[in-house]
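J.: Below: one structure in structure tokens.
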Amino acid sequence: MAFDSLNALIVMEGHGPYVWTCYGVFFLLLGVLVWWSLRERRQLVREQKQLQQQKTEASPLQAGSTAGSFQRINTSRQ
Amino acid sequence: MWQFFHKLGSPKWFYGIAGRFMPWLLGIGLLLALSGIVWGLGFAPKDYLQGNSYRIIFIHVPTAFLAQSVYLMMAVAGVVTLVWKMKLADVFVKAVAPVGAALTFLALFTGAVWGQPTWGTWWIWDARLTSMLILLFLYLGVMALGSAIADEKSAARAVAVLVLVGVVNIPIIKYSVNWWNTLHQPATFKLTEKPTMPPEMWVPLLLVVVGLYLWFGWIALYRMQTEVLRRERRSRWVQDLMHPGGRSDVSSGGARADGV
């Protein structure tokens, strides 16, 4: 350990505020980015599931049955 | 080779394969980055000239490094978008632009906070600092342009052109410290030379660089998956995935979704 005590680690001979501000902002910003990405996914999934639910209620026979039908695979090439 | 190329164009295939890599990227990335940070903050020796303020290097260099490589990756994807019109390339650019912007901001911010005790100023219009600020504006421009054009194909082309025009900034950032000898110090790591730092300093730094790269791989794939699901939401495989009472792992990344 480069420091004698926890207090010395926090103070860092006067450079503590600079160093800890940097690390704080680093973890905060990357954390927000992760949280935002997870939230985007959850919202999309929730919306799509609701849409599917509405479809199922409108025509219960057709929705969700893949058996006996051709499965189209979108390859996204133009 | 061509089969691989063709498969890479298939969003469904991408969705499944990404899900397999993601837990490894996140796990190993966090492990490396966090151990490098703990080592750098508490155990690396202090710098004889700068004292403890130099400990900012353990996040400043990795974020700055990654901010530039993400832009280069976006430029490669831009070429792929324009030449082969592969949609996944555009998905990549759209997914990582905010990540690149955050990393560039962090490099600038940590640099400014480090500059105060070291140079006695938060900011000067030095070539390295200015070209990094331009990089931040390029990232923000890519994000704004992508969301301003409603048509997906036109947006993809416009964004690719902007990314490619902006790539001229990258060599300027890299060589700015050699061309103009102002406040910013020269590169910490060079591929051709041994580091001038002792191993107790550069090993933790390297751990954070590699760890942050892996973490970036994870968040890039996760955000690309979301964008693929959004674009393909009307296709059969996404509808099956989203079926009420269907697979529940779609929120977490869907490591097993390739078997749909």
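Residue 1 is the first one shown; counting continues down the chain.
Using the three backbone atoms N, Cα and C, a Cβ is placed for every residue, glycine included.
TrEMBL does not curate its annotations; it predicts them automatically.
Pulled these from TrEMBL:
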type	residues	note
DOMAIN	B:27-184	domain 'Cytochrome c assembly protein'
TRANSMEM	B:21-44	transmembrane segment
TRANSMEM	B:56-84	transmembrane segment
TRANSMEM	B:91-115	transmembrane segment
TRANSMEM	B:127-146	transmembrane segment
TRANSMEM	B:158-181	transmembrane segment
TRANSMEM	B:201-224	transmembrane segment
J.: Who are the long-range neighbours of the transmembrane segment (B:127-146) in its own chain, taking Cβ under 8 Å and residues 6 or more past its ends?
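T.: Same-chain contacts beyond the flanks: 64, 67-68, 71, 74, 93-94, 97-98, 100-101, 104-105, 107-108, 111, 155, 158-159, 162-163, 166, 169-170, 172-173, 176-177, 179-180, 182, 184.
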J.: Calculate the per-residue pLDDT averaged over the domain 'Cytochrome c assembly protein' (B:27-184) and state the result as an integer.
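T.: Mean pLDDT, the domain 'Cytochrome c assembly protein' (B:27-184): 90.
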J.: What same-chain residues lie close to the transmembrane segment (B:21-44): Cβ under 8 Å, and 6 or more beyond its ends?
T.: 55, 57-59, 62, 200-201, 203-208, 210-218, 221-222, 253, 255
J.: Other than its close neighbours in sequence, what residues sit by the transmembrane segment (B:158-181), given a CB gap under 8 Å and a spacing of at least six beyond its ends?
T.: 68, 71-72, 74-75, 77-79, 81-82, 89-90, 93-94, 126-128, 131-132, 134-135, 138, 141-142, 145-146, 149, 187
J.: Where else in the chain does the transmembrane segment (B:56-84) make close Cβ contacts, counting only residues six or more beyond its ends and a cut-off under 8 Å?
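T.: That would be 33, 36-37, 40-41, 44, 90, 92-93, 96-97, 99-100, 103-104, 106-107, 110-111, 113-114, 132, 135, 138-139, 142, 156-157, 159-161, 163-164, 166-167, 169-170, 173-174, 188-189, 201, 204-205, 208-209, 211-213, 216.
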J.: Can you work out which residues elsewhere in the same chain, 6+ from the ends of the transmembrane segment (B:91-115), have a Cβ less than 8 Å from its Cβ atoms?
T.: 11, 53-54, 56-57, 59-60, 63-64, 66-67, 70-71, 73-74, 77-78, 81, 121-124, 129, 132-133, 135-136, 139-140, 142-143, 146, 156, 159-160, 163, 183, 216, 219-220, 223-224, 226-228, 231
